[in-house]
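Now, the feature entries from TrEMBL:
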TRANSMEM  B:20-38  transmembrane segment
TRANSMEM  B:44-63  transmembrane segment
TRANSMEM  B:75-97  transmembrane segment
TRANSMEM  B:140-165  transmembrane segment
DOMAIN    B:141-321  domain 'ABC transmembrane type-1'
TRANSMEM  B:172-195  transmembrane segment
TRANSMEM  B:201-219  transmembrane segment
TRANSMEM  B:262-283  transmembrane segment
TRANSMEM  B:303-328  transmembrane segment
Amino acid sequence: MALLMATVSLLLFAIFDSDQFRKQIAVAELGGFGVAALSEADYTDWIAKRGLDAPFLERYVSWVGQVFQGNLGHSLEYNMPVSSLLADRLTSTGILAFFFFLAMVPIAFTLGIVAGIKEGGLLDRIISIGSVVSTSIPQIATAVLLTVFLSLGLGWLPSKSAMVAGFSMKELVLPILTLLIYDVGYVARMTRASMIEVMSSNYIRTATLKGLSSAKVILRHAVRNALIVPVTLVFLQLNWLLSHIVVVEVFFQYNGFGQMLYNAAMYGDIEVLQAAALTASMVAVVSQLLSDIAYALLNPRLREVK
Amino acid sequence: MSHSISLQKTRGAGLSRLQLVLGLMGFIWLSLCVYVIFPDAFGAYQSYITLPAAAAVVAVYVLMFQMWRGSRIAIVGLSLVSFWIMVSVLVPALPLIDPNKPIAPFLSPGSSKDGLTFWLGTDMRGRDILSRALWGSQRILVWGITSTASAYFVGISLGLMAGYLRGWWDEVFSYLTNVLLSFPVMVLLILMLNYLGQSPFNVILAITCSSAPSIMRIVRGLALQERSRDYVHAAQVRGESALWIMVMEIVPNIRGPLIVDACLRLGYTTVAITTLTFLGLGLQPPDPDWGLMIREATSSAMVWKFAYMLIIPSLSITTLILGFNLIADGLRELSLRD
């Protein structure tokens, strides 16, 4: 775990330590006319001034130290410390993610359980086909179609979520719906598979034969076991979300983490890009860990062993 | 033993149906690649070089239709995908308006001008949307399939080495996989394209790096299961080399789950490429591309009246992905039934 984090951060440091990215920073700081116009002498001076000629590992260690102190560099585009920009954007994305999970978890779990109660039943077939279709629509197409019909056509919702006039719940709806349509389908599908497995197990048959009502069998016995895998999956959706938030935020112009990453990449704001990539990968690694922990805590068989 | 016997049987019967299908698909893919990568190689005959591939598309469709008759879902998916492949093969020879030629901006669907009819209207620069949507299929299919194939080549090679040879290979490749998988996909793609620069080749490279790790994981798991089977032991006793066993014995026996995964992954990579184009990374204008069409329309025509500019490319990409996913779903259903 710690080793993985160290490798990922070393890799990121090495990538951003390359001449290519260094030159972009140098040009931005020295105010030249692009990387091609940067003279070799200026570049060497700049490297010496920034202390970038020290040995690689020494600089890596001091960089890690800086990161732990919350010093992630300076954003040239926004002219502010990267750490405060990052904190600001992560809060925005956090709000989006919070409402997303708040809606996704109950809907997806309910659909998955209802579908899994009777494999091959009418409800199962409707939900299964629905989940294939909803996971087939790319985010970008969902965003377009929702905007066209709900915003341009019916005029119910604003088509952009830039939050120019302060926070507005209404502007959150379209980005969240866009994310939901794909992910509810995916998580419901996984929940269904888990539920089907549980429903065909021996202990459920015992409970049914014992004479328990089917409501009791499902709610008290089946659901508890069937939800173990989906709950661990929810943590992994954080990784998924960080990837898909980019296109959704860019499309709806929501000022969050994804748009920050995208702008940094487009406008060569290298230190922001580095901080964003580092944050994203660390969140992904931690969510993997959380998912493993949740599995160990929830699974009664693993609990006994301890 | 049943595995090796069935393998012998198919080999004895000459060209098996699967080999035929794979060969025809390779031919279609090659002619599309030649057409896209060398746009001027054949001079005046350029528009016709993909025509033989049209016959191959029909043949593949008929063969697959017979193979997957049992699953209605797979057939629907097959029809959707075949439709777009057929379009991308035929589009150079179709009597379409030049997709990059500005004629009259903001014409609504069905209107005509200068004796030309624009069935789906024109975009903000006056280019025919029908023509752009049809041409767009070609680029997305060529780059989508190429990058998926490249990811599969890398993923299968590494996965087989990790799962069959074990030891050092396994340690190194599994760790590398974990490192690459700890980046969210889009973050990895943006980072790589920013570092490498934007070109079709780098898009393929970035997609390979982002999907090969998960393919490698799947193949490794399957190879671990297969390596203790009797047919592998038999081959080892016969004195076959490790390479021969991996490629000729294990791969044919794990092809079922891999084909299902390949269909899903074709969908993922196609979406990834379209998304990258929408973000302005990856493939560059002016050639028509669905992601690009959406990008251009969102920046200049976000009004109800011109919504067709947004809807048409969105529906095109959706039907293609739906096709891939339905095939995967149908094949999974068929494999459970056996």
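Just so you know, the numbers here start at 1 and follow the chain as drawn.
Just so you know, glycine gets a Cβ as well, placed from its N, Cα and C.
Long-range Cβ contacts of the transmembrane segment (B:303-328) within its own chain (Cβ-Cβ under 8 Å, at least 6 residues beyond either end) map to 73-74, 76-81, 83-84, 106, 108-109, 120-121, 123-124, 129, 133, 136-137, 140-141, 260-261, 263-264, 266-267, 270-271, 274, 290-291, 293-294, 297. Outside the transmembrane segment (B:172-195), and at least 6 residues removed from its termini, the chain residues within Cβ reach (under 8 Å) are 158-159, 161-162, 202-203, 205-207, 209-210, 212-214, 216-217, 220, 272, 275-276, 279, 281-282. Sequence-distant residue pairs (6 or more apart) of the transmembrane segment (B:75-97) and the transmembrane segment (B:201-219) include fewer than 3 whose Cβ atoms are under 8 Å, leaving the two stretches without contact.
Taking Cβ pairs closer than 8 Å, the transmembrane segment (B:262-283) reaches residues 77, 139-141, 143-145, 147-148, 151-152, 185-186, 189-190, 193-194, 198, 200, 203, 207, 210-211, 215, 289-292, 294-295, 317, 320-321, 324-325, 327-328, 331 in its own chain, all 6 or more past its ends. Tertiary neighbourhood of the transmembrane segment (B:140-165): same-chain residues 29, 32-33, 36, 84-85, 88, 173-174, 177, 200, 203-204, 207-208, 210-224, 227, 242, 245-247, 250-251, 258, 262, 265-266, 269-270, 273-274, 283, 289-291, 317, 320, selected by CB-CB distance under 8 Å and a gap of 6+ residues from either end.
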